[in-house]
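Feature list (source: Swiss-Prot):
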- Cys107-Cys255: disulfide bond (DISULFID)
- Asn97: N-linked glycosylation site (CARBOHYD)
- 1-26: region 'Disordered' (REGION)
- 1-42: topological domain 'Cytoplasmic' (TOPO_DOM)
- 64-332: topological domain 'Lumenal' (TOPO_DOM)
- 43-63: transmembrane segment (TRANSMEM)
Amino acid sequence: MACPRPLSQCDHTPLPGPPAGHWPLPLSRRRREMKSNKEQRSAVFVILFALITILILYSSSSANEVFHYGSLRGRTRRPVNLRKWSITDGYIPILGNKTLPSRCGQCVIVTSSSHLLGTKLGPEIERAECTIRMNDAPTTGYSADVGNKTTFRVVAHSSVFHVLRRPQEFVNRTPETVFIFWGPPNKMQKPQGSLVRVIQRAGLVFPNMEAYAISLSRMRQFDDLFRSETGKDREKSHSWLSTGWFTMVIAVELCDHVHVYGMVPPDYCSLRPHLQRMPYHYYEPKGPDECVTYIQNENSRKGNHHRFITEKRVFSSWAQLYGITFSHPSWT
């Protein structure tokens, strides 16, 4: 813009621009500097990404520390003696007024694991004084490996209909079976359509059927036991106790010695070859992989999940205390 005053009064400060005698940088040099700046920005981005990733992993680990059992359990505390729990208070007869049989010397727990396939353990399992099975794990077609004898069958609320829809398999095939059903009160005893009523109606059709439900007070004891053993509240940690948890405690209550077939150790999935696939259930060959199931449930924070690996760590700590042995695979 032209100066409106006399020329001598005008400011002759040069406009912003390159200093006198300096020319713009050559194009090649400018490109090198732009490339260097881009590389610096990329390096900063990589560093920030790494830091954020570390923070996320640390946060996830902290949130999931509920399942790092080894660092949580108080080593000096006195363990709960499960054999002193009152059986008469813990199990309510659904059919009739019987009392749950109170004692077996030698018990076996036959898990639903595919590790049992091909073992030919059927005759050995048949010789046990008491045999305990879970949910709707069948024996028909698998008896060579898992036997037929079923003294107790522990059934989750979610498996009630699976069991009752196949009475020829689960009721008539082994009429000596004692059923123990477990579930939250809103599932087992809600006013409309309770599962207890469903089981009672089944008892009218099969009068020899013997069934019990775990009492509300005993359900609280199971929750308290989880907190005592892991240091974490079950509900606050978004955990569901598995049927295996209930079965193991019931076995310890009822039996002097317990032999568990097919349960893998807690570190199994961290040691197993990644390409080896094992179905979660022996009767579902195309079902989910066992380690995928264990790890997803163990590490999930959204919703409620079974903490299978944590439970196995607890069982390992009970082995010597309660005379529990594990085989196929063998571990302690």
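For all residues, glycine too, the Cβ spot is worked out from N, Cα and C.
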Checklist entry - Between Cys107 (disulfide bond) and the residue listed as 'N-linked glycosylation site', how far is it from one CA atom to the other, in Å? => result 25
Checklist outcome for this item: Simplified to three states, DSSP reports Cys255 (disulfide bond) as strand
Next on the checklist: Measuring Cα to Cα, how many Å separate Cys255 (disulfide bond) from Asn97 (N-linked glycosylation site)?
Outcome noted: 23
